[in-house]
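K.L.:
Let me give you the structure first, and then I'll get to my questions.
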Amino acid sequence: MKDLLKAVPWIGPAVALIATVVLFPVGLMFWNSTRDISQSGVDDGGVGLANFATVVGFQYFWPILGRTVVWVVVVVACTLIGSLALAALLNKAFPGRRLVRMAVIVPWASSVVMTTLVVHYGLEPYFGIINSFLVDVGLIDTPEGYGWTRHPGTAFAWAMVVAVFVSLPFTTYTILAGLQTVPGETVEAARIDGAGGVRTYFSVVLPQLRGAVSVAVLINIINVFNSLPILKVMTGSIPGYDADTVMTMIFKYMQNQRQIDLASALSVIAFLVVIGIVAIYVRVVRPLEEV
Amino acid sequence: MAQYKRSGGIIAITLAATTGLTACGFGGSGGEASGDGTTLDLLVPSYSDATQGLWEDVIAGFEEANPDVKVNLQVESWDNLESVIATKIQGGDAPDIYNGGPFAGFADDELLYPVEDVTSDETYADFQPTFLGNAQVGDTAYGLPWIASARALFVNDALLEEAGAEVPATWDELLESAKQVSELGGGVAGYGMPLGSEEAQAEAAVWLWGGGGSFGDAEAITVDTPENLEGAEYIKKVIDEGATQADAGATDRSPLFDIFVQGKIGMQVGLPPSVGQIESDNPDLEYSIHPIPTKDGSPFTLGVADHLMAFQNDGDKQEAITSFFDYLYSADVYVPWVQAEGFLPTTVSGSEALADEEALAPFLEVLPDAQFYPSTNPDWAAADSAFKALFGQLDSDKSAKDVLAEIQEQVDAG
């Protein structure tokens, strides 16, 4: 107890900081999700769990949740596979490696919205560079190109491509850091025992990357689940709810329908889902334990 | 190490203190007057890149004439405007004057001054009666009509001539001409049909009302009606027969109009500022402006008026707001503002001043036949967003009936 008191001056500010910028907004979100808030933002009293019933009862709720799962799984899996390959490449010595390593950081250093907009404009019919290219090489018959961002399926697929692209740098560097902690002796020993390159990688190197990979996956799951800007830009003009994830749906409740109460209720659900996923993940994979 | 810890602690304390202070601002009223003067908070959307400068000029002129009043300007994009105002109201930090579209929701929540309480008699009498009537909730006007716009059909004369098509006055003629233009090939589309989320409600009104339908009135929003269904089914027909650009359901209006300006679209419904856009981006475009085709060829246009609103807040700024509005609506201040943004004026004196303006003539001509969104209905905001989110589904396997029913359902739930 005395130790705790002694520590207060040191941990106090941090606790205060967490309370004001993390706990307070979360509390407010939970509070708003049980209120009836008018379109202009006036609080008309509590309604218990009615907002949750409305959100879950919405006819597109389950498809949206399912699409969110697909979004997270596909993006994180592709990111991981791409990053493992990239990291293995960048770990080898070759001329110009420093430059390539720098280049990999670029998507990380630029704004996600900007990156997405560049791709989005490229996909526009009539003037988009990607469409022009596909028309010129004869893959598309219509002279104005194809409306990639105008159809739920293709828009969602392109959003995934962008999401993988912007997630690669962080994941690659996390894995690259992990690769450099793999002792050269273990690889050498495998070689002496007669293991080939593939066998060495999968049986010796990869198991030692467990820590790096599991941390990278955990952070990616949270990031990708909570990602709004890519989908907002890529699928924003599509009518209906056939390209929405939980995050874009929250945004639609808030921005289009101005139902802050429903948006808060769905945010609470999303918050609980993320916490659930992370809890299961931490339990099963134990990413924070020593290998 | 000890040194390191201490400075870390100081940083943490500073952070905590500043964020703490910011958090306190959450419930405060903000923007209080200093000394004897009054401060007016003004929240406006950006109509164009020039908007901020135009407002700054107005404010500078006003502050010179009224040295005891200060005006704080905040400019937001249209995309953010409505969430900004909702957040501000929820935080007890509403602006004193707000420039926006729908106002009935605010009036319903008893947040606004009636227009008569914040304008002099002369200013109030100068508003065009049709616009003032469109700004009422019950019998009281709560929105000050600010700028107006009307729609008209922009026609690419060169394309129509090449295709041997006539400028249409009815739906059937429109479909015929559009198909002829589409057949030119090379990526040219006959009719530009923007049903994407940006402004689907406008294209919906152009067709549904042009066939004799309506979105309802101040009492009830009615979308799913036989009259509206006729227009919706004709939209489907125009799309299905290949008379429009590809993917009409997810095409936004502004990017599509850029294509029109580039000369790749035969006909599209445009606004007064579209004239200026063509003037600056592609002055060589051969185009003309015509009334919107309707089912039977009777004249009609979709009128839109944006409004200024005065929030009551603490109730002690009524005088300052009144003097600001009187200054703002005086013809010398108002007309240049409207003209610079390329819109139509909502005051009698403003219309007189602009009567001989050539570019605006086709629009001023159709203005008497203007119909407005039922924006005095508190549910209009819900209907507006339902149209934005759902109307584009006409360009899919869904039937027109189902689309209208789904919109109606979302309005009724909203």
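Cβ coordinates come from backbone N, Cα and C, glycine included.
A TrEMBL annotation is a machine prediction, not a hand-curated record.
The structure displayed is predicted, hence computed values, not measured ones.
Relevant sequence annotations retrieved from TrEMBL are reproduced here:
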| type | residues | note |
| --- | --- | --- |
| TRANSMEM | A:12-33 | transmembrane segment |
| TRANSMEM | A:45-62 | transmembrane segment |
| DOMAIN | A:65-281 | domain 'ABC transmembrane type-1' |
| TRANSMEM | A:68-90 | transmembrane segment |
| TRANSMEM | A:102-123 | transmembrane segment |
| TRANSMEM | A:155-176 | transmembrane segment |
| TRANSMEM | A:262-282 | transmembrane segment |
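Help me picture where these features are in the structure shown.
P.N.:
Outside the transmembrane segment (A:102-123) by six or more residues, the chain places 86, 90, 129-131, 148-149, 158-159, 161-162, 165-166, 168-170, 172-173, 227, 229-230, 233-234 with a CB less than 8 A from a CB of the stretch.
When Cβ-Cβ distances below 8 Å are used as the criterion, the transmembrane segment (A:155-176) is approached by residues 67, 71, 74-76, 78-80, 82-84, 86-87, 90-91, 104-108, 112, 115-116, 119, 123, 148-149, 209, 212-213, 215-216, 219-220, 223-224, 227, 230-231, 234-235, 238, 243 of the same chain, each at least six residues removed from its ends.
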K.L.:
Report, as numbers and ranges, which residues of the same chain sit near the transmembrane segment (A:262-282): CB under 8 Å and 6 or more residues beyond its ends.
P.N.:
26, 29-30, 32-33, 51-52, 54-56, 217-218, 221-222, 225-226, 246-247, 249-251, 253-254, 288
